[in-house]
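Engineer: First the structure, which I've put down as structure tokens, then a few questions once you've had a look.
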2 protein chains.
Amino acid sequence: MFKVNDNFLKLPGSYLFSTIAKKVNAYSKAHPDKTLIRLGIGDVTQPLAPAIIDALHKSVDEMAHAESFHGYAPDLGYEFLRTAIVKNDYTSRGCEISADEIFVSDGAKCDSGNIQELFALDNKIAVCDPVYPVYVDSNVMAGRTGVYDLSTERWSQVIYMPCTKENNFVPEFPKEQPDLIYLCIPNNPTGTTITKAQLQEWVNYANKIGAVIIYDAAYEAYISEEDVPHSIYECEGARTCAIELRSFSKNAGFTGVRLGFTVVPKDLKSGEVSLHDMWARRHGTKYNGAPYIVQRAGEAVYSEAGKAQLKEQVAYYMKNAAAIKSGLTEAGYEVFGGVNAPYIWLKTPEHMTSWDFFDYLLENANVVGTPGSGFGPCGEGYFRLTAFGSHENTKAALKRLKAL
Amino acid sequence: MFKVNDNFLKLPGSYLFSTIAKKVNAYSKAHPDKTLIRLGIGDVTQPLAPAIIDALHKSVDEMAHAESFHGYAPDLGYEFLRTAIVKNDYTSRGCEISADEIFVSDGAKCDSGNIQELFALDNKIAVCDPVYPVYVDSNVMAGRTGVYDLSTERWSQVIYMPCTKENNFVPEFPKEQPDLIYLCIPNNPTGTTITKAQLQEWVNYANKIGAVIIYDAAYEAYISEEDVPHSIYECEGARTCAIELRSFSKNAGFTGVRLGFTVVPKDLKSGEVSLHDMWARRHGTKYNGAPYIVQRAGEAVYSEAGKAQLKEQVAYYMKNAAAIKSGLTEAGYEVFGGVNAPYIWLKTPEHMTSWDFFDYLLENANVVGTPGSGFGPCGEGYFRLTAFGSHENTKAALKRLKAL
């Protein structure tokens, strides 16, 4: 008689964004006359840049002829894309990463969910609180997180690193020693970040205690300040302690196109065992590559035209971020983030809970955001808005928020 | 100090097709003057059908405008695709499957690797021998397979069901009771199949012992005989014991486009726990949907034009299969499969081992096939050729084989 993986049953409720989608759909159904403005999930709204559209059409045409048709992709991804990544994202920033350390995938969500498979089940993870839910949930499913305590909303075997306005959203080294440390910088959900010097301390710490940092840099394109690192490999010693996850979703609007990559340096080892080899084995066994046409689209992101067009696209969203930040500040809200990231993190007014504020905004302003508590207990009393709407919608949402 | 998942270290050698790719690349490098013909991995060679190319161009254009741009896809896949799947693959065959039981993915390889996550680690799997390596390897990585015995080439906690010419390649119910049963029909690698009546017995057996059948129907488009089932849901009672995996790779040439789906009926339960809900949770947490443009391409597979064009494409490959089968038979080989599947399974001549025959063909005929032993110990002494080449290459390969 088969038995299920009962770690799944420990998960409280459904995946955060599925819950929000259900709530919003129910509200829409009950109020078909209301026009909702969605600043909830981090989904982009601007169309793909012309350089990317061109690359897609061109590669679709290639697929129409036997001579230029492409079947299964190489295990790690096409050389043309991995080379463009290395040149533009690493060599140009002085990071020593080679093309065969890049693993192309269909997005950072899959990679952040799958990467834990490389580690023993008794390894202890440390996460920021609040945090992107996938890091914890994927470890719950694997059975690495112990027991969930409903009163504290915490797992017994997870080390939480609070990030609140009290510590300026900078995590401190935990008292208990972790084996795996998830860091997302610029941060989702708080929109805040840390300096290169601060990240260097984390790299030194990880090397000292023999931990691996899983570094999610999905939002690096939004960095505007000089001393914020774009890659963990800007720090000395990161090649022996860090895996970096990257996404094309936010810098190039690929949320519906699906492309990402993971960097596993060959120097990252446990004794003689290379994590690079292990990830290659996983990729070869359980994954079959990103579509050829999508990898060509990814290559176009690094073309001269693509870079110029996407710089404008990022600036478009960051204009929203600045408008939300200043608008809400004027309206008396306490607001964080939005300078090096497309997320604005605000304190809910009058000590409302995050979900109460979610319902309040949905019902009274028809604006959809994300409750901070959905990202962890220290997110309680906070709320996330994204800058990924259109200028018009963002302006309209601000007007509604100010009118409350 | 972090520790690795040492289940990975138990895997003997690398993933079969990665090993072959390395061997072939080494040979090519050493003999740049030789023209290799690849009938090894099951990769297609014909271009995408015109109806699919049209759908891709059209949806790429949609992505170029804010009004028709598509970001994150719905968790289970787009309704338009799931509806087309249900109508054409299930309702039309009298199978009772609804659109919300379809989970769209980026391919059957990922799904067949990931599906084991739903089950307890002490569940025992049964596989045909020989078998597609992903079923076993993904269970090894999860820690479900016990110890590998180098002399028998078998895992202590895996139940093997031999499929050889002696039993007409039809697996028998195992002596020991399994919890999960992997069946791939039409079969990869042997190219053989079973009748609907035989599959009904497997469904009855699974329901009786409380096992789940993971049914891989990736090759169903190649079925030419009447009494061979296209879906396990043609059998009575399959809704309470079977998960079905489907691929667009072989029926529509999507090996480089990446699209598949998994069917998890809502009646499939362990007590009160629904596997459908669990898979939905996994999809929501660790996956972010197939690209919009690829899902539109999938929809075009089911258009009238698409169906007609793909019928021709399948016929093209099956003409190869028939030519290989008759050509090799004439040349004195003992040959199986190739009637309801694009694979030909042959006995190696003069009791050569599978890898010896691989090297022999590579070096003397410059033809690349797949050694049967790579699929399991009962595949030793067999060899797989695929029908996915062009007519010209298939003809040329046959000529070389006959000349040996």
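Using N, Cα and C of the backbone, Cβ positions are placed for all residues, glycine too.
Please treat TrEMBL annotations as automatic predictions, because they have not gone through curation.
Got these off TrEMBL a minute ago, pasting:
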BINDING   B:TYR15, B:GLY42, B:LYS109, B:TYR132, B:ASN188, B:ASN288, B:ARG384  substrate binding site
BINDING   B:TYR72, B:ALA108, B:LYS109, B:TYR132, B:ASN188, B:TYR219, B:SER247, B:PHE248, B:SER249, B:ARG258, B:ASN288  pyridoxal 5'-phosphate binding site
DOMAIN    B:35-401  domain 'Aminotransferase class I/classII large'
MOD_RES   B:LYS250  N6-(pyridoxal phosphate)lysine
Engineer: Under 8 Å Cβ-Cβ to anything in chain A: which of these recorded positions pass, B:GLY42, B:LYS109, B:SER247, B:LYS250, B:ASN288?
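Structural biologist: It is B:LYS109, B:ASN288, listed by sequence.
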Engineer: Cα within 10 Å of B:LYS250 (N6-(pyridoxal phosphate)lysine): which of the binding-site residues B:GLY42, B:TYR72, B:TYR132 qualify?
Structural biologist: B:GLY42
Engineer: Have a look at the binding-site residues B:TYR15, B:GLY42, B:LYS109, B:ASN288, B:ARG384 and say which one has the shortest Cα distance to B:TYR72 (pyridoxal 5'-phosphate binding site).
Structural biologist: B:ASN288
Engineer: Taking just the CA atoms, what is the gap between B:SER247 (pyridoxal 5'-phosphate binding site) and B:LYS109 (substrate binding site) in Å?
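Structural biologist: With distance taken Cα to Cα, B:LYS109 (substrate binding site) is 9 Å from B:SER247 (pyridoxal 5'-phosphate binding site).
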Engineer: Determine, from DSSP, whether B:LYS109 (substrate binding site) sits in helix, strand or coil.
Structural biologist: helix
Engineer: Hey, what's the Cβ neighbour count for B:GLY42 (substrate binding site) at 10 Å?
Structural biologist: 23
Engineer: State the three-class DSSP label for B:SER247 (pyridoxal 5'-phosphate binding site), counting H, G and I as helix, E and B as strand, and everything else as coil.
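Structural biologist: Going by the DSSP assignment, B:SER247 (pyridoxal 5'-phosphate binding site) falls within a strand, counted as strand.
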Engineer: If you draw a 10 Å sphere on the Cβ of B:ARG384 (substrate binding site), how many other Cβ atoms land inside?
Structural biologist: 26
Engineer: Please report how many Å separate the Cα atom of B:TYR15 (substrate binding site) from that of B:SER249 (pyridoxal 5'-phosphate binding site), as a whole number.
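Structural biologist: Answer for this pair: 20 Å between alpha carbons.
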Engineer: Please identify, among the binding-site residues B:GLY42, B:TYR132, B:ASN288, B:ARG384, the one with the smallest Cα-Cα distance to B:SER249 (pyridoxal 5'-phosphate binding site).
Structural biologist: B:GLY42
